[in-house]
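Taken straight from TrEMBL:
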TRANSMEM  53-74  transmembrane segment
TRANSMEM  95-118  transmembrane segment
TRANSMEM  149-172  transmembrane segment
TRANSMEM  184-208  transmembrane segment
TRANSMEM  235-255  transmembrane segment
């Protein structure tokens, strides 16, 4: 009985540790990303441009993965966590812990950036926090579609961008294929996000991550922007949640059909190499 209790304690302790790692990694990612958007918006283009936002998110991803990678694997993205659960790579308790950690880190990052730029936000808006209009500031914290983009176009943009994200992540990490060395994986993941922002950010701001978009949106609803953050743009809010999840699942399917199903397991590949070396000798 005592051994069983110790085992349960170790499991719970490990799960909490991973949850905290996801929280910290997501917090780092989001503080870099959101503060860069705030600086561009509130500085009226004089303190950064669209490129600086992309670079800041890339840097945030890199540092977040370095921070959490050794403990939790650094998902930092509910879509990736849900995909891992569907594939059977994590249990449901880990799924819940990871998503709680990610949402907590993202929410706290939004609150931190709000506190950091509190004076500038109120100066820019004259105290009126709005989702749309010439002094809108809700887009600092969450994504909103461009005026010319339909809901269908926005959904497809988020779906496709997340497909490219998960394909890139799998390419970087697949040890049965041509994975990058472990020390370089976080940096390459950051460059991957930078590339997605540079090429696919126009329509929707490339949320590609429910943990990046939903918690800050909840924060803005509480902090003074109101329920308009959920009703604006034909209730757009659900698209950065649903489309990345579906895109991640589809991206894994594509990768497995094109690459993974045709690869030998790592141990078999190593054995074949050993046999080839023996034959050569």
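Cβ atoms here come from the backbone N, Cα and C positions, even for glycine.
Remote same-chain partners of the transmembrane segment (95-118), defined as residues 6 or more beyond its termini with a Cβ less than 8 Å from a stretch Cβ, comprise 15-16, 18-31, 34-35, 38-39, 42, 72, 75-78, 81-82, 84-85, 140-141, 211-212, 214-216, 218-220, 223. Sequence-distant contacts of the transmembrane segment (149-172) (same chain, at least 6 residues past either end, Cβ-Cβ under 8 Å): 79-80, 83, 178-180, 185, 188-189, 192-193, 195-196, 200, 203-204, 206-209, 233-234, 236, 239-240, 242-244, 246-248, 250-252, 254-255, 259-260.
Same-chain neighbours of the transmembrane segment (53-74): 17-19, 21-22, 24-33, 35-37, 40, 98, 101, 185-187, 189-191, 193-194, 197-198, 201, counting only residues six or more beyond its ends whose CB sits under 8 Å from a CB of the stretch.
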